[in-house]
Structures are given as C-alpha cells and as structure tokens.
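Feature annotations, reproduced from Swiss-Prot:
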BINDING   ALA6, VAL7, SER8, GLY9, GLY10, THR11, ASP12, SER13, GLY116  ATP binding site
ACT_SITE  CYS92  active site, nucleophile
DISULFID  CYS92-CYS189  disulfide bond
SITE      HIS117  site 'Interaction with tRNA'
ACT_SITE  CYS189  active site, cysteine persulfide intermediate
SITE      GLN331  site 'Interaction with tRNA'
Amino acid sequence: MNVAVAVSGGTDSLYTLATLREAFGNHHVFALHARFKEQITNDPVPALKEQCHNLNVPLHVVDLHKEFNELIIRPFIKAYADGKTPNPCVHCNAKVKFGLLQKKAQELGANQIATGHYVSLIDHDLYGKALKCGADSTKDQSYFLALTPREQLQTAIFPLGTLRKTEVRERLQKMGLEVPLPKESQEICFVPNDDYRKFLQSSDVDLLSEGRMVMLDGTLVGKHKGLWKYTEGQRRGLGVSWSEPLYVAHKNHSCNELVLGTAKDILVDTCTAQDINFLVPQDNWPKELFVRTRYRQQAVPADIQFVTNTSSSKKITIHFHSPQLPAAPGQLAAIFDKSGYVLAGGLITNDL
C-alpha cells in the first residue's frame, strides 16, 4: 500500500506526514503539495523539502493554480454577484483536494490519500465506511466534507480525527519537527487578509451598488452598501439605529433591496437545499436527524422532506424542530445523526 499525504506547510499536514511515515515506512509514503496561486509569498516548498528530506520521504509539487481559479475562485466571485454567500472550502474539498489532487496522487502510485482534516472515517455496522465529526469540536471539519462524494472518501486517511489541536502541536514538538508555516492558515486561502470585500471589488465582476434597506413590513430604514456585503442572519455592521437589534432577514436581489427584522421576526422553521450528496444511503438513515447550516453552529434537530422535481438533482426541505436564524443561499446544509456521523450535504437555496 502506498499513501500520498497532502501537505500545505502547516501543523496538521506535517504531523499527518510524520505519523504515517512512522506507521507505514518511508518506502510507502510520499508528500504531495499543490500550488493554488501563480505567485506565492512565504512559499512553504523550500521548508517542506527540508522536512521531507529529514523524514526521508519524497515530495511531489503539482501546479493547480489554473484549475483552482476555474473551479473555486471564479465561481466564488460569481456566487456573490448573484446574491449568494458561497463556501469555497466545501467545493475545494470536493473538487480539488479529493478531486484533482486525489487523481494526481493515484497517478503517482498512491492507493490512499491522507489529509490533516479533523474528522474520522469509521467502519460502521449500518453505514459502511462513514465520516464522523472530529474529537476536537473547535477544529472539527466534517461540515466542510459533506459535499465530497462518498466514493472519493473511501480511500482517505484522517489521522487527526481522534486528536485535539494541542495534542498535535505537542507531538510534533516531541518529534523535533519545525512547521514550515507556523501561522494558522486564513479563513479563505486565496483572499488576502481575509478581506473578501476588497477581493471582490478588485475582481472583474459587476456587483450591485447601494440600495434600499427596509424592514419586513417595507419601512425604509436606510441604504445598504451593496447586497454582496451582507449575508442572511447578519447582525453586525448594518449601520442602522433601532430600538432592538436588527438582523438581515433576506436579500431581494431583483430590486437590490436588503430586508431587515428583529431576532424574533426573522426566525424561520424551514429551508431548502439542492444538489444533495449522500454519504450514507438514505434507506440507512435513523429517524433522529440533525442539521448544521453554518460551520460554527451546533447541529439542531430537524426533519428532512425529499422534494420531487423535474431536475436531475435531488432537493430537500429541512423542517427545524425550533425556529432558526435564516440560512444563507449558497452555504451548505450538512445532515448528521445523533452520534456525529455525516449523512449528507446540500447547497442551501432561496426557494420557499
């Protein structure tokens, strides 16, 4: 068995490489680094080469910046222009890390690919090989893998699933390994300083400018600075003085209007999602289901209704057991069981 370890230059992937090299030996493990940018500052490759030399494992570097631009960056920009709030990490996992990079690993002779995601892949009696939340709830990345096809995860290895971040750092220190990029990666890797507004403004896509900001009953309360700068459920940065805290209820893209409401007024009990990716066959789902529509959100109880439509992709309606803040179209809805196994994922729509 040969294992390719996807390495970025950070703590998690370096530990993954070191621990698998120890488990399988240097003749069955190699490192694989993908370049996602044409021009790179603080290039980790020289330091990665040194660490791979110390571990006596080969390092392969592949240039995927053109593919990354077409598959991730351009759709990210277009989604904002269309009034959505995309999650590029979800698509990167599905199309790049467990898509293009996995294919490259196979071409180089790997049977399996390992990453530093904080998740576990467990043989379940009913589900088969199933994805489960990481033990470190502050780092758990199961949400971001809910759109990755089941078959692409079957040959994955996730050594960090049972560990906490502090343990990973301590173990690396004991191994005497120095992290090439000691600083934690930013929220969106291709957006400088996590300033997505500045990034979008520098793009070549037309973005809606300022427009009316109204309450749910139509009362005009001000002007917004462009719908793409706001997301459903947002509270901070609205620039409106009101007797109660206001939140974004929804964005009316057709007339460039931002609709606000108080917390109790904007709560919803349903949302819809499409392009459903099944990580566990629906027939094997338990009765108790839980849904997350945001990364940092705790999964909440919900019922799932499958909607029959004429399109080839499946669509679902999510019925929350208790009212929730509105979910942003373009974000991911991930479905879990009560033990933290990921059952499916889909993209949230603005259908009612």
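Keep in mind that glycine also has a Cβ here, set from the backbone N, Cα and C atoms.
Other residues of the chain with a Cβ within 8 Å of the Cβ centroid of ALA6, VAL7, SER8, GLY9, GLY10, THR11, ASP12, SER13, GLY116, the ATP site, are LEU14, THR16, LEU17, THR115.
Annotation for the binding-site residues GLY10, GLY116: lowest Cβ count within 10 Å of the residue's own Cβ, GLY10. Per Cα geometry, CYS92 is the residue among the recorded positions CYS92, CYS189, GLN331 nearest to ALA6 (ATP binding site).
Neighbour counts of Cβ atoms within 10 Å were taken for the recorded positions SER8, GLN331; the minimum is at SER8. Under the DSSP three-state reduction, ALA6 (ATP binding site) is assigned to strand. Just so you know, of the recorded positions ALA6, CYS92, HIS117, CYS189, the Cβ with the fewest other Cβ atoms around it within 10 Å is the one at CYS189. ASP12 (ATP binding site): 25 other CB atoms within 10 A of its CB, across all protein chains.
Checked against HIS117 (site 'Interaction with tRNA'), the recorded positions SER8, GLY10, ASP12, CYS92 differ in C-alpha distance, with ASP12 being the nearest. Of the candidate recorded positions, GLY10, ASP12, CYS92, the one lying closest to GLN331 (site 'Interaction with tRNA') when CA atoms are compared is CYS92.
Cα to Cα, CYS189 (disulfide bond) and the residue listed as 'active site, nucleophile' are separated by 11 Å. Between GLY116 (ATP binding site) and the residue listed as 'active site, nucleophile', the C-alpha separation comes to 14 Å.
The two recorded residues, SER8 (ATP binding site) and the residue listed as 'active site, nucleophile', show a Cα separation of 14 Å. In this entry, ALA6, VAL7, SER8, GLY9, GLY10, THR11, ASP12, SER13, GLY116 make up the residues listed for ATP, with the farthest two CA atoms of the set 12 Å from each other.
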